[in-house]
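Undergrad: This is the structure I have questions about; it appears just below.
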Amino acid sequence: MDFSTDNLTGVVLALLSSGFIGSSFIIKKKGLRRAAAVSGVRAGVGGYAYLLEPLWWVGMITMIVGEVANFIAYAFAPAVLVTPLGALSIIVSAVLAHFILKEKLHKLGMLGCVMCIVGSVIIVIHAPQESPITSVQEIWIMATQPAFLLYVGSVIMLVFILVFHFSPRCGHTDVLVYTGICSLMGSLSVMSVKALGTSLKLTFEGKNQLIYPETWFFMLVVATCVVTQMNYLNKALDTFNTAIVSPIYYVMFTTLTILASVIMFKDWEGQSGGDIISDICGFIVVLSGTILLHTTKDFERSSSFRGNFVPVSSTLSTRLCSGNGDSKFDEEVPPPSEEVCMRRQ
């Protein structure tokens, strides 16, 4: 893949973004723990005491800086190039969680992190060049094509099902519920961020796009999606282990975002079959790495529960239901009694 100046700028911004966002996971998690220790109510069960915790706001500001860098990156490079570089945030959060939050990272988990990076590099190498866009109205035409409208309708329907049906029933025992909501909304926010970023870039170049209502509509979609993502990401981080939330969120978010980008911007049009297959192989490598990281982390926890009163399950779904949320076992939040834990089985 030949790197243009715009693509190189986008890659640098994406790398900086991943570093800030990966660090923000840890800072916010520390803030959530402090807030829960003071108020006795965790964000995962509806508490909002973290809004009064300065450390949480430091993490939020760090995340905002990362998101701003990511926002600008999408204005310079295609989503299929920028989004996979989010794998770096997995490495940052997992390593910092190991040293700061004392969430031990298994050696095979480290291999999983490396696989995430390798898979992302494969995707980047075979990513397509972006077709030039000269107006936000061009993006609006792409956004209103039947295939993408079908995707948007499917995402909205799934989000409503997850929020109103699954979240109250199993949101605190299944990590896929909260991360699924974040990822689905995230795929729409990236498409809108891409549209908004391109509009602002064109405006700064002298082609005013603020006069078009489409620009303001994309801005509204970005705001709505980001607020929803922030709310459910907080719930996920407070309820489940950081080293589990980060990779699962990355895989789901990246897959859905690139799918949305392929549908809306037709990124794979004009690419050779070999490049498309390489992209798919890159996704498989990333997915394998995150599964490895997830399972080895869960294995380490299941073999070191305090009191050893929860048996090791033979299935991933049962292990998830037996409690991935480290906040329930942290030194700052009292662990549940043996009787309560046995009733979960």
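Each Cβ is built from the backbone N, Cα and C atoms, and glycine gets one as well.
Straight from TrEMBL, here's the annotation block:
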type	residues	note
REGION	326-345	region 'Disordered'
TRANSMEM	6-27	transmembrane segment
TRANSMEM	48-65	transmembrane segment
TRANSMEM	71-101	transmembrane segment
TRANSMEM	108-127	transmembrane segment
TRANSMEM	139-163	transmembrane segment
TRANSMEM	175-196	transmembrane segment
TRANSMEM	216-233	transmembrane segment
TRANSMEM	240-264	transmembrane segment
TRANSMEM	276-296	transmembrane segment
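For the listed features, I'd like the structural context: burial, neighbours, distances.
TA: Here the transmembrane segment (6-27) has long-range neighbours at 55-56, 58-60, 62-63, 65-67, 69-70, 72-77, 81-82, 85-93, 96-97, 100-101, 124, 129, 237, 242, 245-246, meaning same-chain residues at least 6 beyond its ends whose C-beta is under 8 angstroms from one of its own.
Listed by sequence, the residues of this chain that lie at least six past the ends of the transmembrane segment (48-65) yet keep a Cβ under 8 A from its Cβ atoms are 20-21, 23-32, 34-36, 38-39, 41, 234.
A Cβ distance under 8 Å defines the sequence-distant neighbours of the transmembrane segment (108-127), meaning residues of its chain 6+ beyond its ends; these are 1, 11, 78, 80-81, 84-88, 90-91, 94, 243, 247, 250, 267, 271, 275-276, 278-279, 281-294, 296-297.
Outside the transmembrane segment (139-163) by six or more residues, the chain places 133, 177, 180-181, 184-185, 187-188, 191, 194-195, 198-199, 214, 218, 228, 256, 259-260, 263-266 with a CB less than 8 A from a CB of the stretch.
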Undergrad: Does the transmembrane segment (71-101) come near the transmembrane segment (240-264), with 3+ Cβ pairs under 8 Å (pairs 6 or more apart)?
TA: yes
